[in-house]
Amino acid sequence: MKKAVVLLSGGLDSTTCLALAKSQGFACYALSFSYGQRHSAELCAATRIAKHMGAADHKIVTLDIALFGGSALTDASIEVPEFKESPEIPVTYVPARNTIFLAMALGYAESIGARDIFIGASSVDYSHYPDCRPEFIESFQSLANLATKAGIEGDRFTINAPLQYLSKVQTIQLGTELGVDYGLTVSCYQANEAGEACGQCDSCTFRKRGFKSAGVDDPTRYQKCVHI
């Protein structure tokens, strides 16, 4: 069976990617990261999801949180803003996060003989993070095949970003068709330890809009003080 490394945050997009990779016949090796996030709920979700969806293995890599300063997702002194439409890159951007995650996934993939890596990056309904754009994914794939023994020998890597051009509505519709239980996922930037969402951040807003527009019941659990 073909192997794939799937970056799994515990959120809606990465879980859909895991389901899609499995539907394509891959043995999926899920890879998650502890990098000083505000809460552990998403990693708990990733663990549940990997087990529920039958991942071949699930590894959680701990990174030095000092690498990721200046982001509201890793620095409790920086407030996570409520959603607002803006072309600017918000304070929730984590410096070079996807570059680091993909580099780790690449090394893991080469070591286990996998040549496919899945990432839930999307350039639609997103917060303008530069490392979610298609040109970044294409460039990293080029790097992967220039910087590895396998790539140089012609056993090429593919960086799969199947949600790249899908709206949140389309992603939810796809996942629903694949049987994804979105009640297992946590997307909120500042969920509490029980996995209950704030309902106000960018990620919550895109998620709420997606379920509503898709006509799919939203299984998200919200904090009691939140008015939805």
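Cβ coordinates are placed from backbone N, Cα and C, and glycine is handled just like the others.
The ATP binding site feature in Swiss-Prot is assigned to LEU8, SER9, GLY10, GLY11, LEU12, ASP13, SER14, THR15, THR16, CYS17, LEU18. Around the Cβ of THR16 (ATP binding site), 27 further Cβ atoms fall within 10 Å across all displayed protein chains.
All protein chains shown were included, and the count of other CB atoms within 10 Å of the CB of CYS188 (Zn(2+) binding site) stands at 27. If you look up Swiss-Prot, you'll see CYS188, CYS198, CYS201, CYS204 marked as Zn(2+) binding site, on the strength of sequence analysis.
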Distance, CYS201 (Zn(2+) binding site) to LEU12 (ATP binding site) (CA atoms, angstrom): 15
Residues satisfying Cβ distance under 8 Å from SER14 (ATP binding site), sequence separation of at least 6: VAL6, LEU7, LEU8, ALA46, ILE119, GLY120
Chain-mates of LEU8, SER9, GLY10, GLY11, LEU12, ASP13, SER14, THR15, THR16, CYS17, LEU18 with C-beta within 8 Å of site centroid, ATP: ALA46, ILE49, GLY120, THR185
